[in-house]
Amino acid sequence: MNLTARNLHVILGSHPVLHGVDLTAMAGRLTAIIGPNGSGKTTLLRALTGELRPAVGSVTLNGQDMARLQPETLARRRAVLPQQSALSFPFTVAEILRIGLIAHACDDVEARALIRAALAKVDLPEHSGRFYQELSGGEQQRVQLARALIQVWQPVGDQGPRWLLLDEPVSSLDIAHQLTVMRLAKNYARAGGGVIAVMHDLNLTAMFADHVLLMQQGRASAEGPTETVLTDRLLSQAYGCDLRIRHAPGDGVWLLPQGAVV
Amino acid sequence: MVAVAPPEHRIAGDRDHLGRAACLGLLLLLVFFALLSLGQGPSGVSAPQVLADWLAGREVATVDQVVMLNIRLPRLLTGMLVGASLAVSGAVMQGLFRNPLADPGLLGVSSGASLGAIASIVLGGLLPPAIAGIFGWYLVPVAAFAGSWIAMVVLYGIATRHGRTSVATMLLAGIALAAMIAAVAGLIIYYANDAQLRDLTFWGLGSLAGSSWTKLSAAAPIILLSLAAMPMLARGLNGLALGEATAAHVGIRVQRTKAIAILATAGATGASVAVSGGIGFVGIVVPHLLRLVIGPDHRWLLINSALLGATVLIAADIISRLVVAPAELPIGIITAMFGGPFFMWVLLSNRRVLDA
Ligand SMILES: Nc1ncnc2c1ncn2[C@@H]1O[C@H](COP(=O)(O)OP(=O)(O)OP(=O)(O)O)[C@@H](O)[C@H]1O
Ligand SMILES: [Mg+2]
């Protein structure tokens, strides 16, 4: 079971942004999309969620054409954490999470249990009564993650694996919560779900990703197992600066001292 | 009937119990004001008396019966429907435009309606008698309703491309359209005579004085149909609070929600403005107040807005009949006179929340 994009071309306004991207993300793995600013990571993710219709190419979710799936059906199979979120009225955290359950027929008792559990997972167990707009940026990001998580709570459903599509899930988090969230994503994948995350932190990518897609100017310049993509040559060329990979002591975790050579 | 979950089962931040309690409280308040309204008027007929006589099977004086059934009851029902329409439409528009200050006026509904009314008041005399005869006294409401719908359809058409309606375009085009309509209306007013100017002014202030069963039976189906569509919007509007993209991600059919919201609001306000003229402030004040008390969850906000809107309008109508009794003031004056300062007070005492 997988989420695949075939030869995706996306045009935004009159501006071609993706020029034929292929990606195969497998359930059970954490797939990271990396690449410099403006390389098309968010655009690719938006096409994978079904939000953007590609001009050419197709996206299939567990073998079904994304364009044919109804919003409710889609909402029960994949959840999305956008790069930026807005909120127009003073909802509480509990009410935001409730919005994540819109596509589900669950009663109040179930909903309460899910909301409690999801908030505990993102380490905000005492925050359900707070107003979202009065939270810090990192707390807001974790509430949004909980909102997405609750939507596809069980990693595997009757229709196969469910998917979490995360656009920079750790961008405003402190180091401890970066690890919390990455572990959460990894565990979701281990339990049989699919996870696709747009990442800027290459160390975290090295630690947690199973599969990496490297974007560059609207094209995938490399795709494969993490250690085959995170190489001196590919990264230095993609990001336009000199980057060196070092091996961490102990097991096979990679470490990337930023700007290894000055 | 109203099951309030014991506190230990509730989680902090879940305000369903407030929404439920507000529903019950407002329902009682509405019944109270409805009875008050039935019992009040220049003829001195007492509602409890008539009601008691009816129930006991006693003879009710014909005059009393006529006053109750043909004057006060249609007026009460019209007031309830108009109040509910204006308040719910306000809440729906605010949810759709993601802005607490939006109101149905943004759809061109109000300006279209007033152009229709102005044109029919000033130019109605120019119609061939045969056509004018068909509409009779209903020429103004029919023209107002037609005007509001035409304006809304034009705006919706302008803002929709490739099957997607841009809310921002609609907002801006609405302002442009309102300006154009105001210019045409001004031109017509320029040719009005003194009597017509007086009619125009009164129409603009809004009134329930002309309520009748006939008018009500024309407006009620449109209003009721529109109101009935609105509960379908509750979850969609909640989703839209997180933006259109996220709303779609959580499973909302965004375009359908927008279309229903716009059609239902235009129907409800168009018909309301047609029967009662321009009654301001209800659409902004009522949802805003409720949001402060029960929160912005549309599953409770919409129904409570309908109840509070109906109550507020009936109360304003009672006041409008008391102040200069036995004459009466246009109700729009009352809603603005109380609504304005009250809204100001609410805004100032909640600066912390608003500025955040
Ligand atoms: N709505 C839009 N209309 C036109 N061009 C757009 C639009 N959105 C994005 N672009 C362009 O598409 C390109 C890719 O944008 P995208 O948001 O996918 O980048 P990204 O890889 O996510 O970058 P970042 O790391 O900064 O988030 C950029 O050059 C951007 O300017
Ligand atoms: Mg991005």
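For all residues, glycine too, the Cβ spot is worked out from N, Cα and C.
Any TrEMBL annotation is an automated prediction that lacks curation.
Note that the structure is a prediction, hence the values are computed from the model and not measured.
Annotation comment: TrEMBL describes B:76-97, B:109-131, B:137-159, B:171-192, B:212-234, B:259-286, B:298-319, B:331-348 as transmembrane segment.
Touching of the transmembrane segment (B:171-192) and the transmembrane segment (B:331-348) is ruled out by the presence of fewer than three CB pairs under 8 A, sequence neighbours closer than 6 excluded. By the count of Cβ pairs under 8 Å, the stretch nearest in packing to the transmembrane segment (B:298-319) among B:76-97, B:109-131, B:212-234, B:331-348 is B:76-97. As a quick check, the transmembrane segment (B:212-234) and the transmembrane segment (B:76-97) clear the bar of 3 or more Cβ pairs under 8 A, pairs 6 or more apart, so the two touch.
Counting Cβ pairs closer than 8 Å to the transmembrane segment (B:331-348), the top stretch among B:76-97, B:137-159, B:259-286 is B:259-286.
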